[in-house]
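Reading through the structure tokens given below for one structure.
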Amino acid sequence: CSRRGKKKKLIMEVMFQYSLILFAFSVQAHKEGNPQKLLEMNGHTAVPHSYDYDLIVIGGGSGGLAAAKEAAKYEKKVMVLDFVTPTPLGNSWGLGGTCVNVGCIPKKLMHQAALLGQALQDSRKFGWQFPEEVKHNWMTMTESVQNYIGSLNWGYRVALREKKVTYENAYGEFVQPHTVKATNKRGVEKLYTAERFLIATGERPRYLGIPGDKEYCISSDDLFSLPYCPGKTLVVGASYVALECAGFLAGLGLDVTVMVRSILLRGFDQDMANKIGEYMEEHGIKFIREFVPIKVEQIEEGTPGRLKVTAKSTKGNEVIEGEYNTVLLAIGRDACTRKIGLDKVGVKINEKTGKIPVNDMEQTNVPYIYAIGDILQDRLELTPVAIQAGRLLVQRLYGGATTKCDYVNVPTTVFTPLEYGACGYSEENAIQKFGEENIEVYHSHFWPLEWTVPSRDNNKCYAKIICNIRDNERVIGFHVLGPNAGEVTQGFAAAIKCGLTKEQLDSTIGIHPVCAEYTRPHNNFLCSSCYLSLTKN
Amino acid sequence: MAALWRRRRRLLGAAGLCRTARALSGKPEYDLLVIGGGSGGLACAKEAAQFGRKVAVLDYVEPSPQGTKWGLGGTCVNVGCIPKKLMHQAALLGSALKDAQHYGWNIAHPVHHNWSEMAQAVQNYVKSLNWGHRIQLQDKKVKYFNVKGSFSDPHTIRGLTKGGKETILTAEKIVIATGGRPKYPIHVAGALEYGITSDDLFWLKESPGKTLVVGASYISLECAGFLTGIGLDTTVMMRSIPLRGFDQQMASLVTEYMESYGTKFLKKCIPTKVEKLESNRLQVTWKNTDSGTEETDSFDTVMWAVGRAPDTKALNLETVGVKTNSETGKIIVDASEATSVPHIYAVGDITEGRPELTPTAIAAGKLLAQRLFGQSSELMDYDNVPTTVFTPLEYGCVGLSEEKAVQCYGSDNIEVYHAYYKPLEFTVAERDATQCYMKMVCLREREQRILGLHFIGPNAGEVIQGFALGIKCGATYPQLMKTIGIHPTCAEEITKLHITKRSGLDATVTGC
């Protein structure tokens, strides 16, 4: 009853705000008019029914939306605040977060466009005949991709409405305990209170901090909706975002160079990372290694224009220059945690990285504030992880569940031209953790049957399995480079979850002929006699 | 494996000594003789040779009624998995050409498919595999005879070359791995004379043109699928149900998709005769068992895919007393692949009650050699063998079908989780995903062990393989739910299955 009263009061306030546009005054009134709130400074002992919402989620990405929808299932009063701060070049997007708008979805679709380019070449070898000249139209692709994303944005809004989750396209920041201020595009501010909060604001691409970077460079936040073909492109960075983007741009026929400061795919198995790099190089992508840009200048405006990039060696004083149409920065991502008023409520962040440390229940140091997704310290930055964490968290909060999110053996795939799927330990981490003498690595090159007829890329696909000798040769790492690596890796991840051992692997019958069964390394052209057989390192 | 190699080398020494002793006492010439150089036979022979044994393989391809013949490697390599998957790939690339336009690739028309070019490329690859198999045998010091073998006594095989030259070979142990060949409906007039089978299709130099494929086996549907995919007018004639033995809900989805893809279906129809017209086309007459009417149409090619029969006739099995199933003609074996005659074994498609799959034949052949010569006692495990049907929309499965699970455990004791999903790549390509579907059949009791997994969609083989491993490890529904997905893939939907059939809720996956 008191809750309903509260709601009514808020609505009236909102109307008041709108009608008189006496915004600041209204906020003031709201604050002062609720002395009770101030008494609850120390949070979790809150009196029930005294907040606007049971849960306010800040950030409408994969994790935040999953959590909000799950909470609504328990008939909780939930609000989602989502706001996309435009990129330095002014690009912004709809509800759904990074994955849907500027991440997994558009990148996989553009990767698919590139794969289809390869398919066109292959198809001639399989008897298809069509006129020689085939060109790619960037705008056709981008519009199709953006239309699909638009439908997803809409789908999320409908889903929230159906589940009776309140959605506001407004920037949320903490102003005092249990209270956030939501600022919309037009600068209108509102205050909302909740018993609990979930921070799921994710990350945004990092800039170099050199002359010309924000003025002239783009990031992955811009690329997928770029209203013109990027032309000759310099990709700065060696993260998976960098390599994936470089990969599909080259696959669409563009001249692509990747500038790498040190190693490729930090954190991934380096043996695999180097193989990915080699394959990309063989497929026409240029790599400039151990250089970092120090200046970007515009030579000519246009769509695309012309840019001059000056870069300096990381080893000495050598300076090089290059001319590109587009410079894409993919040097890392920063957590969106520094401008959401965490200091006002006392949520600790790692000052260096901006990430939020949480316990194994996704709880921050402030008990009523939780966090999930890419902003977490020492957790994986993956959509399905954020979704899983969000759902499980809500089930624990409102459903009496006890299951915690299991961050172990999470599979992932890098959609480079030759896809890379992985689950579990990298070889170097396994050695570090268990000791070289306690691990055994089985590996094999293989040649997908479909590649034999176009006779391309023999000996490029590769798989390896890392086993712990001390534990019955249990599989602790799985790595595969090849077509459809994501589809292949998923099931293996499930098997690893079930405690897969090398012996069980050996006794499982392959499906013939697919890549997920492996060829024998020494007679690898004989794809036909393949069976799940990997030999030791 | 290093340790294993060392052990094998020691065995090799012992075997060498043993052989000298036998030669002196007039024992059989070979330790192992394998009749049939297909997947199972070759695997068994090569594995036995690894143990330092004296091994020979006999392989002979009786030409098809249309005169098609091929090289070493058996069905899979020459007239099975390999050419079919490659031609399936040709068809997929046809879809890719259409998809590509949605993804921004400007392809000028006309686009058409040239059968001869594809067939040539596929055949060249198959020939390279034939060659590869011969080299492998040579490397492993396995003697290869291109002769047709038949028993003249329990340890002696009489081999006949194409030219009629005779070779007599003796062996201590003999493995039969002669596989199967397509059946002809000989009661149908003109069937043998004018029809082809999968033994011929992959070796055709010219396009088969408008084709009638008779049968509803996976071979029939796969062939009809890729023929449709490369642009041929293709019709499947089926007597009763598609994909007998497979989950029937999945089977219906597979054929439903094919229908929307352009394959025509003549259901509940039985061919009665095939005649050659003056135009050289084939006129097929059939009976529609539903309406009882007789119907007719003309085709360029008629392909029979009405089943396969074991190739035992020429073996003269009666002489040595190897028992076969009188109905199927297949050889009866025990769990150690031994026939009714203790030193004679059989592996692969010729054995009674075993799955007719290359990887099972290979594994069975290898394990047999290890038991015979490597002091192993490990038996082949025929449970939970995954398989994939490469129809236009692929179907992969492992474990029990839903109907089999119901039959074994009762419908009250199983839970079926299912989902209709849309592969991300289909969205931009504006492809219909109505039949993209998956289901997991679990026990209903608390642990919810997974009994079967079924998946229809692109790359079904790649998707199912790893899950088959999980099921081998005793995967339960909760374990799968704890597995985090890989985004965005089709396989991730398997880790998100949560709608039970029992609930009656809409199983369509929405959003990410």
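Glycine is no exception: its Cβ is also placed from the backbone N, Cα and C atoms.
Because TrEMBL annotations are produced automatically, they should be read as predictions rather than curated entries.
Checking the candidates B:G132, B:G149, B:G292, B:G307 against TrEMBL: the one annotated together with B:G215, B:A216, B:S217, B:Y218, B:I219, B:S220, B:L221, B:E222 at the NAD(+) site is B:G307. Note: TrEMBL links B:C81 through a disulfide bond to B:C76 (candidates: B:C44, B:C76). Between B:C81 (disulfide bond) and B:G149 (FAD binding site), the C-alpha separation comes to 25 Å.
Same-chain residues that are not part of B:G215, B:A216, B:S217, B:Y218, B:I219, B:S220, B:L221, B:E222, B:G307 yet have a Cβ within 8 Å of the Cβ center of the NAD(+) site turn out to be B:V213, B:C223, B:L243, B:A305.
Closest by Cα distance to B:C76 (disulfide bond), from the recorded positions B:G149, B:G307, B:H487, is B:G307.
Looking at B:I219 (NAD(+) binding site) and B:K85 (FAD binding site), their Cα atoms lie 11 Å from each other. Its Cβ taken as reference, B:C81 (disulfide bond) is surrounded by 24 other Cβ atoms within 10 Å in the chains shown. Counting only the Cα atoms, the space from B:D349 (FAD binding site) to B:H487 (active site, proton acceptor) is about 39 angstrom. For chain A, the nearby binding-site residues by a Cβ gap under 8 A number none, drawn from B:G149, B:I219, B:G307.
Summarising the environment of B:G307 (NAD(+) binding site), the number of other Cβ atoms within 10 Å of its Cβ, over all protein chains shown, is 15.
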